[in-house]
Amino acid sequence: MQRLFLGISPTKQQVNQLSDIQSQLSAAGHKGYGRPVNRNNFHMTLAFLGQTDNDSLARLIKAIDVMACTGGWTKFSITLDKLTLWRKPQVLCLSAPSLTQVSLNPELYCAVERCQQIIDAIQSKSPPTSSTENGAKQLTKPHLHFTPHITLLRKAKLLPKQTLMQMGLASITLTPSQMHLYQSVSGERGVEYHILHSWPLV
């Protein structure tokens, strides 16, 4: 079994920007700000699969391959410009407004829902259908519970009093050219995220 999720990665320049934000938070000198995420682990999740067996993994890759070859996966852009604290998981992240309706960002909304449609079909062990594997299925949810974000700190308990702009740091606009399938691997050095497969966004 493998712990998997679909997501996108920031550019090298954006990784440096995210590291700068971590450094600024650390420089504030308050332990409650949390533990920095390894810069190699920066990513934005689109959909989470959880523990996945080899058969489900093969079906997932096939389904996304087919969609990539037919309708394709549409490019999107999203600006992360707010420091957000989620108290229960103790995560401090750089985020965008929640994607509650399609009109806020149609391309990203479409990508998130299509990822979830494929995952739902695979996890329910539904037989392959044209609706989930050729990109023909229309959007079915009027609202999503999805907040675009990149995690900066874990074990975080406090939200910085300063806003991102007050800290002198610019917002980050993600315009990815690929979507990735990640595997979460726990090791002696902590959790690492490995890219198993990638698909172009066109």
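The backbone N, Cα and C atoms fix where each Cβ goes, glycine too.
Taken from TrEMBL, the feature domain 'Phosphoesterase HXTX' applies to 9-91. Counting residue by residue with DSSP, the domain 'Phosphoesterase HXTX' (9-91) contains 38 helix, 21 strand, 24 coil.
Using a 10 Å Cβ-Cβ cutoff, H43 (active site, proton donor) registers 18 neighbours. Sequence annotations record features per position, and here TrEMBL assigns active site, proton donor to H43.
For the motif 'HXTX 1' (43-46), the residues of the chain that approach it from at least six positions outside its boundaries are 5-10, 78, 80, 111-112, 115, 148-150, 174, 179-180, 182, 193, judged by C-beta separation under 8 angstroms. Annotated motif 'HXTX 1' per TrEMBL: 43-46, in sequence order.
In the three-state DSSP classification, H149 (active site, proton acceptor) falls within a strand. Marked as active site, proton acceptor by TrEMBL: H149.
The motif 'HXTX 2' annotation in TrEMBL covers 149-152.
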Requested in this report: Calculate the distance in Å between the alpha carbons (Cα) of H149 (active site, proton acceptor) and H43 (active site, proton donor), and round it to a whole number.
Outcome: 8
Requested in this report: Give me the mean pLDDT over the domain 'Phosphoesterase HXTX' (9-91), rounded to a whole number.
Outcome: 91
